[in-house]
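In what follows, a structure is listed as structure tokens, so that the remarks can point back to it.
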Amino acid sequence: MRPVKLVIVGDGAVGKTCMLISYTTNAFPNEYIPTVFENYNSSLVVDDVKINLGLWDTAGQEDYDRLRPLSYPSTDVFLVCFSVIAPASYENVEGKWKPEIDQHCPNVPIILVGTKIDIRDDPEQVKRLAEKNIVPIQPPQGDELAKKIGAVKYIECSALTQANLKLVFEEAVRAVLAKAAKEPTGKKEKGGKKGCSLF
């Protein structure tokens, strides 16, 4: 079974932990629990390859900016998440998360993930957002941001309804497998076996 280390990053309260819990347990947590660092494991088969997926959850709050990179060494793929109903979290992908990943883990594949699409599609929720002058992020904006940051793919999902949730993790594994297929056998990247190190 091939091990793959996936680290999920993004602003606080964008739904990172809910994604992981919903994916690994098929149950949506009913309350917000701020994360410091949590690890989960999942086994899956992607394109006939058996994968032991190590899922590393991180805290998005600024208080953890110095601790969070401790979970980065040996990362195979990042999920960079933003909430489609929180434009500031979308802007922070380019302003904060991409630079942080580039500093610690250049050349590690990124999947850009737009979360909470169930809320964007709910007329009542959209009305509430409009009252706060919030316009939800739409798919073309996610596609554009993915190109800007060099992400392998942009996927939208909902941890609540599980729409596209499995696809997020399958595509993350595919990004790792595709990168491995392109690398010369036995060649190590600068900074360690996977091109991600801590300085």
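Indices start at 1 and increase along the chain as displayed.
Using N, Cα and C of the backbone, Cβ positions are placed for all residues, glycine too.
CYS18 (GTP binding site) carries a helical DSSP state (H, G or I). Long-range Cβ proximity for CYS18 (GTP binding site), meaning a same-chain Cβ under 8 A and a gap of 6 or more residues, is found for PHE28, PRO29, THR115, ALA159, LEU160. For ALA13, GLY15, LYS16, THR17, CYS18, TYR32, THR35, LYS116, ASP118, ALA159, the entry in Swiss-Prot reads GTP binding site.
The feature Mg(2+) binding site is assigned by Swiss-Prot to THR17, THR35, with similarity to another entry given as support.
The S-geranylgeranyl cysteine annotation in Swiss-Prot covers CYS196, and the record cites similarity to another entry as its basis.
Marked as cysteine methyl ester by Swiss-Prot: CYS196.
Residues or ranges marked as motif 'Switch 1' by Swiss-Prot: 26-37.
Positions annotated as motif 'Switch 2' by Swiss-Prot, on the basis of similarity to another entry: 57-75. Secondary structure of the motif 'Switch 2' (57-75), assigned with DSSP and counted as helix (H, G, I), strand (E, B) and coil, comes to 7 helix, 2 strand, 10 coil.
The most crowded of the binding-site residues listed here (ALA13, LYS16, THR17, ASP118) is LYS16, judged by how many other CB atoms sit within 10 Å of its own CB. Secondary structure from DSSP puts ASP118 (GTP binding site) in a helix. In the predicted model, the motif 'Switch 2' (57-75) has a mean pLDDT of 91.
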